[in-house]
């Protein structure tokens, strides 16, 4: 187990934050461990601690790389003999060239998977922003991810390990700063909403609301004395009330072993925050209107940061037993100053509040302008839609008119022009044998009436010579 602790100390700059970051997001009180001196625990087989999400977007990649590097015997030995500052400066990364081939192969695979994941994220972001038809320059966009060398997406090299160490260190160190900034924004927005609500009230209602607000502030501030976090007084209170032990028998080493809940020889941030639950319960109660649980978590963070700054001498975000015992001999532990809670330390200044109000006013102005622009666009679109509907209606009417003309139109009969005279041709010919289909011979055609016929009204008969037969029509045709 000692070897495991030594290795863990060397890796603390990247994995020491893992076991407590999820706890920061929880709004419920952290339970304090039971009294280990009175409970006989069954013998347990040592198992590696469960991996907890660090909150980094490359958390899985980070933990998998660490797990595989720890499997290499040469690298484990280098971890044992390398101090924290050398690790942070990237000297340990050079030892990657000496790890086993199977480990390097697995690291290459992990990097390829991470690059593919980042490319997928880039493509998804582009799809959301509506740039589906645009060409994506993945090499250029991968530059924003500093935890790997994007110029070589296939193999895991020394530069990749160095980048991963530095990125994890920087990102995790900034985690608390980001939480403080988020809390400040929360407090200013809460005050802004309160002031805006007062503007909607009449004089009498406003006075009543102000009186209620002051009453709640006074009620919240009326709580038992809060001990200085990490002081002898504060730890003795936990020893007595949570552990059920005699305060006269307080022993720092025993206290450390009781509250080192995972038995790894360190107080991580989660275990430290658990020690402040009794103090926080003096100030905050979820059932009280005047107590804000978001403020309680900010108070917890302030207490943990204070103890880390006082006790964690090597700044690895872990408190070893040695560091803890040294701290218990300091004057700050034995004779601490009083602890100022959040109600005594406003999260923002008056100037920051004014800047916040100006920012909100500008945002509101921008939103109003966007609303006006969108209304104009809507009216323009509606106008265009009306024009399209009118055009569509005209087109429909034209189509209907053409259909009516087509259904009512009667085509005139065809004509055959012979020497300038139009002879209508029947569209449907008469049946065979019908007189209209027969060609009348020239001799059989009616003669022009002669003068005698015209005078006497009777036609003159022409007699054929004896023996002369009338030519059949068919021969005449021929």
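Every residue, even glycine, has its Cβ placed from backbone N, Cα and C.
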Checklist entry - Which one of these stretches, 297-352, 353-408, shows up in TrEMBL as coiled coil? => result 353-408
Item to check | Candidate ranges 173-201, 202-230, 231-259 [criterion: TrEMBL lists as region 'Disordered'] | outcome: 202-230
Checklist outcome for this item: Mean pLDDT across the coiled coil (353-408) comes out at 93
